[in-house]
């Protein structure tokens, strides 16, 4: 297969899931599954958060104004234990966890195909959307890249003969574009798909076929590095984790387990995107969550349906809301287009503010070089956007997995006696949720400013230039943080 | 920057952020409560408010009419009522949990309304 054929082939399969989402007849206006139950943040909190972000930015700058500050890597602590490794080996823990992950996916697949059509009674919806897709990100950000060891598709591909060896050399220019397109498909499916247990299982089967095809063509090592968007997303999240766990070979006979504790987010230092596509990927992590928040607001809904700029009304002869049924596919198209271009809007903003920094510091480096230097400093903001938007789902819906294990097909079973009690959600007080949202967003903001400032101190030849370069970056981060808070404070469509 | 200056900067920041928080936070917020309402599902169309806003602790009564056999579910509170065709089901509850909760008609997965319960002290 020629390189051109490969390039032509990939956009078609990577958009498959997305097209599948758009073709579904009952595409709704909300998430396909699980509604975050939070209320719009009070306006005073948004104002407070934006002011605090500004204040904290300058405090971080002042605290780390010179490079004599100890590098964060110095505060890393590592423990190596042969006994811990032997314990894992003795109880075959790795194998057990692999079996558990693969078994859960298999159960999810089967439950979707033969179980109840009720999304809240079938195991597969809660398992895939909440436990795996949301919980997986947070687990990576907490304990490191667990998915690299327990990726169920990797386990499947590596157990099949012929899926590890590459038949075609992975084209360099393809880079992370397949992962980005699959990621867009996944978000499209989540937002517009109106996915039910059965269609989720069908989507998972299609995704499994794509994963296996990728492995068959490029070998599992390359595919799971570049093509599997879950692998890329979890790997990026893991860079922010306060600890990592890995096997270390002390000598041939003595493998050991190494636990490393580090300052949260410090794993982002000295990291660079290998390719421009990875920069767009991480910007999509940021923009897709912001878009998901925005589209739930009354402001976004009214922008199209109330036509405040009087664009559609003259064409239709009356307000678009009266042509709801006819215009709904157009609305979904409008939203899909916005979703697809959203990372490029963020990219444009990022480059504009970098260009300002380049002008101020009279840097001779290209914008792309500067973008690579500071790209990963945006990841903390992306992570906290994600957490503030979705974490209540883990509490309201995620805890129900305990009950669903007792009745995975929704047939009224009670295998472990948890079917009823497990359905009661944890509903923290809304005041607590708002407080946590503001402080999480501020923590992410401070972490981003901190990472960017350390990178600047290492990159620019003088402290003055490093600090000057950070003024536009600071403005950009305040803008992103303010936008995140503003979205959380908007009235929701109802 | 010296160590004492750093410490001073951190203390000043904490004091400033704390002061701003206390200064901006309103003492009480009045939410106009719609503690009783009626929602109807007839000929495939819904009528009634899209959002029911109450304050935490309020007693709420929601009456739901359906012209076909149906069931209504209030997510979060996990309340479930069967509605025989042509009858009105009554969902009465004390709004003890704050948040935004979907009231869903199960046949067709129709969102009938959202119940928004605002905390009393925010």
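Note: Cβ is positioned from N, Cα and C throughout, glycine not excepted.
All annotation found in TrEMBL is predicted automatically rather than curated by experts.
Note that the structure is a prediction, hence the values are computed from the model and not measured.
Under the heading transmembrane segment, TrEMBL lists A:46-69 (among others).
Annotation source TrEMBL lists transmembrane segment at A:90-114 (among others). Within the chain, the transmembrane segment (A:90-114) has long-range Cβ neighbours (under 8 A, six or more residues past its boundaries) at 122-124, 127-128, 149-150, 152, 155-156, 197-202, 204-205, 408-410.
Residues 32-34, 104, 107-108, 120, 186, 190, 200, 204, 230-231, 233-235, 237-238, 240-246, 383, 386-387, 390-391, 393-394, 397-398, 400-401, 404 of the same chain sit 6 or more residues outside the transmembrane segment (A:126-148) yet have a Cβ under 8 Å from a Cβ within it. Summarising the annotation, TrEMBL assigns transmembrane segment to A:126-148 (among others).
According to TrEMBL, the transmembrane segment annotation covers A:174-192 (among others).
Annotated transmembrane segment per TrEMBL: A:198-219 (among others), in sequence order.
Marked as transmembrane segment by TrEMBL: A:330-355 (among others). Counting same-chain residues at least six beyond the ends of the transmembrane segment (A:330-355), those with a Cβ under 8 angstroms from any Cβ of the stretch are 18, 22, 27, 180, 184, 187-188, 191-192, 279-281, 283-284, 286-288, 290-291, 295, 304-305, 367, 370-371, 374-375, 378, 472-473, 475-476, 479.
As annotated by TrEMBL, transmembrane segment applies to A:367-387 (among others).
For A:438-459 (among others), the entry in TrEMBL reads transmembrane segment.
Here TrEMBL flags A:471-489 (among others) as transmembrane segment.
Take the transmembrane segment (A:438-459) and the stretches A:198-219, A:367-387, A:471-489: counting Cβ pairs under 8 Å, A:367-387 has the most. Tallying C-beta pairs under 8 angstroms between the transmembrane segment (A:471-489) and each of A:174-192, A:198-219, A:367-387 places A:367-387 first.
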